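Asker: I am attaching a structure below and will ask some questions about it afterwards.
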Amino acid sequence: MMRGLLLAGALGLPLAVLAHPTHHAHGLQRRTVDLNSFRLHQAAKYINATESSSDVSSSFSPFTEQSYVETATQLVKNILPDATFRVVKDHYIGSNGVAHVNFRQTAHGLDIDNADFNVNVGKNGKIFSYGHSFYTGKIPDANPLTKRDYTDPVAALRGTNEALQLSITLDQVSTEATEDKESFNFKGVSGTVSDPKAQLVYLVKEDGSLALTWKVETDIDSNWLLTYIDANTGKDVHGVVDYVAEADYQVYAWGINDPTEGPRTVISDPWDSSASAFTWISDGENNYTTTRGNNGIAQSNPTGGSQYLKNYRPDSPDLKFQYPYSLNATPPESYIDASITQLFYTANTYHDLLYTLGFNEEAGNFQYDNNGKGGAGNDYVILNAQDGSGTNNANFATPPDGQPGRMRMYIWTESQPYRDGSFEAGIVIHEYTHGLSNRLTGGPANSRCLNALESGGMGEGWGDFMATAIRLKAGDTHSTDYTMGEWAANKKGGIRAYPFSTSLETNPLTYTSLNELDEVHAIGAVWANVLYELLWNLIDKHGKNDGPKPEFKDGVPTDGKYLAMKLVIDGMALQPCNPNCVQARDAILDADKALTDGANKCEIWKAFAKRGLGEGAEYHASRRVGSDKVPSDAC
């Protein structure tokens, strides 16, 4: 990962680039602090649809918000009767008919911030599956709000600044209380994109003990951090979450991954009105003649700064976004109009596709105006082309629903002339998928549920998988292999260790390969290849739709490619906060059970078993146990 392996949403680099970085911005990458050492630990349980036995068995008719929230709440009470908790206000019914409700454990009125419980309620009103990381140890008897012997929030911010070497200036710092209990905004701070925040919360530490901490939020542009710093010492950092997971349009059309696969063409009104009711160049309030709309706002960002509204973007009163570009053009800024247009097109097209597959307003998608359809608005994606804060990479920041996502696309310097990452669709799709997986896992209001090592690795793998599935060609077969980032990096074989392949000779990676890996992109490459096996098993059964969007019958994609993508997306919403690969496998199986009544159980199990995630595979913090066994009742 670029920046000393610190950006949770970064694309990941070829080894040559890691060894010889060419240009970086001010940020943690230039410091000695390694955020990987502060990742939250992996502790969630997942009870899949086969294992779960509903203690709340009543069916409700009609299926109302009140009924499914009550059903989920009663389950939590039954499972952990002594726990206190609150309902997170991001529950919704997915496009597959399964309702998702999230809970946060509390103690003395304060959140236990990494103690989450997600409940999935089936269409029949019964519990479908659930997962949780609730704390089951002893809650401290003393209420910290009574004695109030913890450090103040300013001390917590200073401690965070010192521990992580953030270079924030605090000479004029002051606090402003918010409506939430022991929650503050900081004023008079420089060196951050927005005012830092602090909230008093508990955190379950890796050793299983409970610590009173200040959760300090600092957006320093290249990293958007939640730091859990001990509220008693004001110095000890117990965990860190990074939200960064670093008309007529003349473009490389959807399905063309990079300039080696086809020419640019002019495409008219490419939006899907069912997914983008305001088109791509309106936000419901204003109509634009530039690369700005409800789903995203694209611009040049040569300085790498955080301001974007006044940055340059092409403007076309007649809506003809047609600008010159050639592979030999130099310098990159000479074709910035084409770069911005391409980035805007790819991101919007992906928004529309994800919408049809279930990533809509209620699920936490990225839109300025949600048009009365639920969820929190005001969160289009900020799309920075030729961002000056780095090279040879890309990243995506995913705050909770209601705050804009931020994508940075860089220039790649491994070729002459240099190459612009915005012209490799797979990179854009990979980055946007960080927003998808972070919003769905643990619920739209919780963006820290892919922060553990294995879950963070799957976050990278989902990006590679979606990018690869989208670039499939009409003549591809089960034996077709694909690479990642090959064009931008100018590296034959791409930026992953092996191509994505169904051949164990071409790609030998299995679940137990993770025992030798401790970096999220390497872990992600294993997960992406498991999903590549799943993709082709479903295509071999159902065929492949080579069109730009799926066709449905009774809510189910009729082909294997889009069905695989749908099941992967639905699985994200079912799985617990910070899942491991075994739990994510179970969530995909459950997604198929919810969508098709398990019609693809055999194909799914065969894909996972081939890569060591068969029946009996186990996750342990120190090692993984593999299995190639397909359950006897699966096929």
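Just so it is clear, glycine is given a Cβ too, placed from its N, Cα and C backbone atoms.
Feature list, courtesy of Swiss-Prot:
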- E431: active site (ACT_SITE)
- H430, H434: Zn(2+) binding site (BINDING)
- 290-309: compositional bias 'Polar residues' (COMPBIAS)
- 1-19: signal peptide (SIGNAL)
Asker: For E431 (active site), list the number of other Cβ atoms lying within 10 Å of its Cβ atom.
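Answerer: Result for E431 (active site): 32 other Cβ atoms within 10 Å.
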Asker: Please work out the helix, strand and coil residue numbers for the compositional bias 'Polar residues' (290-309) from the DSSP assignment.
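Answerer: Its residues divide into 0 helix, 7 strand, 13 coil.
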Asker: Report the same-chain neighbours of H430 (Zn(2+) binding site): residues 6+ apart in sequence with Cβ closer than 8 Å to its Cβ, ordered by sequence.
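Answerer: Those within reach of H430 (Zn(2+) binding site), by Cβ under 8 Å and sequence separation of 6 or more, are L11, A394, E460, G463, D464, M466, A467, M484.
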Asker: Count the other Cβ atoms sitting within 10 Å of the Cβ of H434 (Zn(2+) binding site), across every protein chain shown.
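Answerer: For H434 (Zn(2+) binding site), the count of other Cβ atoms within 10 Å is 30.
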